[in-house]
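**Q** Here you go, one structure.
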Amino acid sequence: MEKRNLTVIREFILLGLPSSAEQQHLLSVLFLCMYLATTLGNMLIIVTIGFDSRLHSPMYFFLSNLAFVDICFTSTTVPQMVVNILTGTKTISFAGCLSQLFFFVSFVNMDSLLLCVMAYDRYVAICHPLHYTVTMNLCLCVQLMAGLWLVTYLHALLHTVLTARLSFCASNIIHHFFCDLNPLLQLSCSDVSFNIMIIFAVGGLLAITPLVCILISYGIIFSTVLKITSTQGKQRAVSTCSCHLSVVVVFYGTAIAVYFSPSSSHTPESDTVSTIMYSVVAPMLNPFIYTIRNRDMKRGLQKMLFKCTVFQCN
C-alpha cells in the first residue's frame, strides 16, 4: 500500500541562491561575469602553454589539463543557474539532475586528483631534479591523465546509479543552485545510509588520499628547500610551489567543509556559499594565480600577445 501512495517525481525545483528578485538579477550578472572570466582565463592558459614551446613540460601539461577541467567544472552548474534566473524557470528534469550530478562529481574529483599529481610533479622536480625528465616522461603523464579520467568517471557513475535508485516521494524542492549529493539525499524518502557510507568511504578515499599525498609531498619539498644554499634557488622553488598551494587551500578547505562535516552543521546557506567557493571562485582565481605569480607563464603570455600584435600590424 505504501508503494502505491508514492508520487513519482519527474523533475526538481532548484531554489538557487537565497535573495530577493532584484538581487537575483544582480547575481545572474555577477555569476555570468565570473563564468566568462573563468572560461577566458583558463582558455588563455591552455593557448599560452600550447603556443610557447618552453612551456611544453610535465608541470604545464598538467596545468593545461587543470584549466580544461575548471572550464568544464563551472560549465556544469553556472550556465544553468544563470538561465534559470533570467528566464524564471527553476525546474530541472530527473534525468537532467542526474546528468548534472554525474559531471559535477567527475570534475570535482578530477580537480582533486590533478592537484595531487601536480604536487608529485613538483616533488620530483625539486627533490630529484636529475631524474625529473626520465621520471616525468610524456608516456607517464598521458597514462596518469587516462587513469585519472577513468577513476573519476567510475566514481561519478557509482554515485549517479545509487542516487537514481532512490525514491523521491515528498518534496521536489532542492535548496541549492544545482543537483548536488547532499540536497538530493535529504529529499529522498528511501534509506540513504548506504549512500552516506559510500560518500565517506569511497568519496573520502578520493578526497583525503590526494590531500595526504599533497601534504607529504610538500613536507619533503620544504625540507629540501631549506637545504638549498642559493637564495635565488630557494625563491624559485617557493615561487613555483606557492601558486599550487594557494589553489589547494581554497579548493580543499571549502570542499571538506561541505562533504565531510557533520550533517547537523549543514544549512542550505552555508553549503551554498562553500560550494560557490570551490566550484566557481577557485576555478576563476586559478588563471590569475598561475599567470600573475608564475614568471614562465607571464613570459609565455607576453610573447604570445607580442606576436599576435605584430601579426595584426603586418
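Each Cβ is built from the backbone N, Cα and C atoms, and glycine gets one as well.
In TrEMBL, annotation is done automatically, which means it is predicted and not curated.
From a predicted model like this one, the values you see are computed outputs, not experimental measurements.
TrEMBL lists 41-290 with the feature domain 'G-protein coupled receptors family 1 profile'. Residues or ranges marked as transmembrane segment in TrEMBL: 26-47, 59-78, 98-120, 132-156, 192-225, 237-260, 272-292.
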**Q** Average pLDDT across the domain 'G-protein coupled receptors family 1 profile' (41-290)?
**A** 86
**Q** Counting only pairs 6 or more apart in sequence, are there at least 3 Cβ pairs under 8 Å between the transmembrane segment (98-120) and the transmembrane segment (237-260)?
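**A** In contact, yes.
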**Q** As a test: from 59-78, 192-225, 272-292, pick the stretch that has the greatest number of Cβ pairs under 8 Å with the transmembrane segment (237-260).
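**A** Per the Cβ count, the answer is 272-292.
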